[in-house]
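**Q** Got a structure for you, written out below as structure tokens; questions coming shortly.
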Amino acid sequence: MAKITKTFQYGKHTVTLETGEVARQASGAVIVKMDDTVLLVTAVAAKTAREGQDFFPLTVDYQEKFYAGGRIPGGFFKREGRATEKETLISRLIDRPIRPLFPEDYKNEVQIIATVMSMNPDIDGDIAALIGASAALSLAGTPFNGPIGAAKVGYKNGEYILNPTITELKDSQLELVVAGTANAVLMVESEAALLSEEVMLGAVTFGHREMQKVINIINELTVEAGTKPSTWVAPAKNTALISALKEAVGTQLAGAFQVRDKLQRRDAISAIKKDVLESLAGRVASEGWSSAELSKEFGELEYHTMRDSVLETKVRIDGRALDTVRPISVQAGVLPRTHGSALFTRGETQAIVVTTLGTARDGQVIDAVAGEYKENFLFHYNFPPYSVGECGRFGAPKRREIGHGRLAKRGVLAVMPSLEEFPYTIRVVSEITESNGSSSMASVCGSSLALMDAGVPVKAPVAGIAMGLVKEDDRFVVLSDILGDEDHLGDMDFKVAGTAEGVSALQMDIKIEGITEEIMKQALQQAKAGRLHILGEMSKALTTPRQELSDYAPRLLTIKIHPDKIREVIGKGGSTIQAITKETGTQIDIQDDGTIIIASVNAIAAQAAKSRIEQITSDVEPGRIYEGKVAKIMDFGAFVTILPGKDGLVHVSQISSERVEKVGDKLKEGDLVRVKVLEVDKQGRIRLSIKAVEEGEGVPASAE
């Protein structure tokens, strides 16, 4: 196939799509250029599904090569290793709008690999990767109901910005990524500076409108490439099996969905499934039916039973009304030795969230393609298998945990103090101890409380809520504070976090087309009412940050010295700074601009370290009297240390008003003596006198 190129203007960037020259053995491959940021995105689809495959094995891997930024990886191994957090998050960002566009019965393995091969540090690879994945899948001839477009939206001075650069985002009140087809929004991921619901919805519709040019270009590309449509045909439904199953189940599932407790409901449904499969076992054998298909169709019955029930009765499977939030319980300060903690329970979803305060050196150093930087606010989300009553793998965080942690972090970022306002590294850990839907939003609520319990000066409390949707034709219901089953069996997962003032984070995943702007508007308004209710419940535990830090949290003292004096504080080979930290038990960080941060759980020790540094950096003043220690005896006099790192000479003629024949007769090393500074010459040499003090001259150094 000859090389095909398509170029278009997208915001401030020139975007080029190329296919037919590179990676020609992949099912679909495209090079995406967004100015100087260049990605190769490939899609490969297996010709057939594996035997017994009962799920759609789609994998997406986004990777940033260090050579893209002209760098060699740091550390011992000089090659890229496992996926970074950013790579994992962008991989999920690509997966989410693509997965629902494949047919439900399609089980062939599909793999998308997006490789960043050149990176302009001001143009991120996320939007280019989404566009490339859409184009590669469209070229692959899979039964992909795309293409999709993607756009990043900023907001500044009341105006939306299409595909802002990283520099522009620093001053933007919004960073929102939206992806979807020509007719529908499928995915939204965003963080915002407490914006209104109207501004957030406007950003979604703005991005969806602008991305149409991407969809049109991809359609043109596939036509020119001569891509043949997929020949895959969905397997025919076994109507006899479905009829037999419905007859065997009867109204049992409807009854099971009236059980309000999650675990009891799960057990009731499992018992019905077991009985039905056993009752139909003979017919399955005689008719040659597939037991896997029978199990799948049972799941379809579950899906329709729950949906039909809530659409008809407007009552949910746990008995709540559509807009009712589950009962909430909150406690702050639940763990005695931590710096800040909270227990947040909402129905059958529960999180223990802990805040830890550290110094600047505790920040995480990130070795990224665009350059090394330090992260001083860390948010980690853990989802152990016991939280859903199961056994499972326990260890390194999975992609889902990284994604949920990032969403929860976005939820509280807008209210966090700057490093200048609160010079601590802050780590928040959310341990999900129970889960029945919306655990990431429970993490937002719990983290807000734990941060305030730790005394972090957040601007306002933050709460989060997950919304759902069930839609059949023109009938639809919007659900507040969804359960796990409502998420799994519903059409939308719509998470909103924010304060009473506005939205700080919005994440949306939609499984169907036909979600109108009016439906999204209703969901946002219903979410706001739920968020305000949750904030009211949270206020029963804490309304503002505690005034005092925990007794176990480090106290920070900050002093400023002239940058030229940094070497004096450090000392030869680090001897001075090491002596101070060892003797006072403190941790000391020195920045290039002369800012010194002293950290210690003991306030007295921190003050002692501060005094030592002030002594070292203070200038020796002629005419002042200091108390010093004799450091060395010489024939012509004695050297006396008057300040740390500062020695002066007492000449033999200045030791006493009487004649001194031998210095050792009057002074010994280690003696404490009071001396007056006679002179500090241009070379910094200090002349001292003991005689002048005895004669009553000079002003004590302590007299300020």
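Note: Cβ is positioned from N, Cα and C throughout, glycine not excepted.
Residues or ranges marked as Mg(2+) binding site by Swiss-Prot on the basis of sequence analysis: Asp487, Asp493. Marked as domain 'KH' by Swiss-Prot on the basis of sequence analysis: 554-613. The annotation domain 'S1 motif' is assigned in Swiss-Prot to 623-691 on the grounds of sequence analysis.
For each feature listed, report its degree of burial, its nearest neighbours and the pertinent distances within the displayed model.
**A** Proximity of Asp493 (Mg(2+) binding site) to non-local residues of its own chain (separation of 6 or more, Cβ distance below 8 Å) is seen for Ala466, Met467, Gly468, Ile482, Asp487, Gln507, Met508, Asp509, given in sequence order. According to its DSSP assignment, Asp493 (Mg(2+) binding site) is in a strand.
Here the domain 'KH' (554-613) returns a mean pLDDT of 90 for the predicted model.
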**Q** DSSP helix, strand and coil counts for the domain 'KH' (554-613)?
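**A** Reading the DSSP string over the domain 'KH' (554-613) gives 32 helix, 16 strand, 12 coil.
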